[in-house]
Amino acid sequence: MNDLLPAAAAPAGARALPLRHADPEIWRAVDAERQRQMHSIELIASENFVSQAVLDAQGSVMTNKYAEGYPGRRYYGGCRHVDVAERAAIERARRLFGCEYANVQPHSGSQANQAVYLALLAPGDRILGLDLKAGGHLTHGARVNLSGKWFEALSYGVDPVSHRIDMDEVERTARRERPRLIIAGGSAYARVPDFARFRAIADATGALFVADMAHYAGLVAGGAFPSPVPFAHVTTTTTHKTLRGPRGGMILTDDADIARRIDAAVFPGLQGGPLMHVIAAKAVALGEALQPGFRAYARAVIDNARALCARLAEGGLSIVSGGTDCHLGVVDLRPWGLAGNAAERALEEAGITVNKNAVPGDAASPAVTSGIRVGSAACTSRGMGPAEFRQIGDLVLAVLGGLRDGGQAGGRDAVPARAAELSRRFPLPY
């Protein structure tokens, strides 16, 4: 009879059941995903494996607490313990990135960017960001995104030969169009942006300079990648990806007036109650990034990405910009006559997860694309090094070579077992 009672009327013991018994369908999905992560090679550049401590914080009782407002200035009672977590996250972010101000409440990187726009722009203002096909992000002015609908969005690109940001084009466009805000950063750009020149261009044209370091925040935290924080008026980031925390966003600045405007934009302007369980997990991840070992991790991420890209290039694949300075690489599949979506499917069937990705000058639709993006952060977290990433490169080459040759290439059928064996040697902690 108890299974017919509404949840509120069910015996207290029923609500204490572990997921496996309380909801077998969802438990099976969660366990299947755990098994997939355990036994496959994860090369999606925006993904990583968090620690057990981050999982514990995110799955804690802090999910029960509403806490609109900021520490010490809440609109609900009973917030003294969640205030501890949020204050810790703020202070750790400030220490890690050397800034005066941090807002840790954005639910995502996209909402962090939206909060900056809400704080600093008016509808119809001009913004200037990296073109999506050149490695930019949807929230930097893509027409399908709010940023491309509410603002007059302009874009800059990359040099057609080097595939590096054409800073002269950025300057010409900024001087001609006078944008209110210039954005540096992206989701598939593998080189170090010239943050100092971006700021100089912004200053010369009366623009605000925003750096979106969502992809390389962990590398910045580990001292392996130049920091945009000293140059940007505002820096946004996610807390996952290379920072290896829970999925979420964060906003950093040294400007007190901008900080006040951002606080008001995040709450009450854009969001209501913060996700306190996620903020607690952010604090844990930021604390982990402050440990000496994280610097070695950040350096290893870049070394491994370079090893992977070099092996793919040796095997005949075209790497956009000729290599990488960070955790990701973009592979142009056009010389091999392959589509990104087909490559993504074939690799997933072999136990290797990537994502299809546009390449500079791509004529294919976003659902197809002419490239794939690969990343090293997740498998580096498992303990893999350059030798393993060269092996991964060999597996990718075998799959894509077989796809190019109509499935006839020798060795392709052996890839799933080899990928599973490599994963088995570097298990996850959960």
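Placed from the backbone N, Cα and C atoms, the Cβ positions cover glycine too.
The shown structure was predicted, so the numbers you read here are calculated from the model rather than taken from an experiment.
Feature annotations, courtesy of Swiss-Prot:
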type    : residues                       : note
BINDING : LEU132, GLY136, HIS137, LEU138 : (6S)-5,6,7,8-tetrahydrofolate binding site
SITE    : HIS240                         : site 'Plays an important role in substrate specificity'
MOD_RES : LYS241                         : N6-(pyridoxal phosphate)lysine
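With respect to their backbone Cα atoms, LEU132 ((6S)-5,6,7,8-tetrahydrofolate binding site) and LYS241 (N6-(pyridoxal phosphate)lysine) stand 19 Å from each other. Across the fold, the C-alpha of LYS241 (N6-(pyridoxal phosphate)lysine) and the C-alpha of HIS137 ((6S)-5,6,7,8-tetrahydrofolate binding site) stand 15 Å from each other. Distance noted between the C-alpha atoms of GLY136 ((6S)-5,6,7,8-tetrahydrofolate binding site) and HIS240 (site 'Plays an important role in substrate specificity') is 18 Å. When each of the binding-site residues LEU132, LEU138 is scored by how many other Cβ atoms sit within 10 Å of its Cβ, LEU138 comes out lowest. Spacing of LEU138 ((6S)-5,6,7,8-tetrahydrofolate binding site) relative to HIS240 (site 'Plays an important role in substrate specificity') is 18 Å (Cα to Cα, whole number). Neighbouring residues of the recorded (6S)-5,6,7,8-tetrahydrofolate site, listed in sequence order and excluding LEU132, GLY136, HIS137, LEU138, comprise GLY129, LEU130, ASP131, GLY135, THR139, HIS140, GLY141, ALA142, ASN145, GLY186, SER187 (Cβ within 8 Å of the Cβ centroid). Reduced to three states, the DSSP call for LEU138 ((6S)-5,6,7,8-tetrahydrofolate binding site) is helix.
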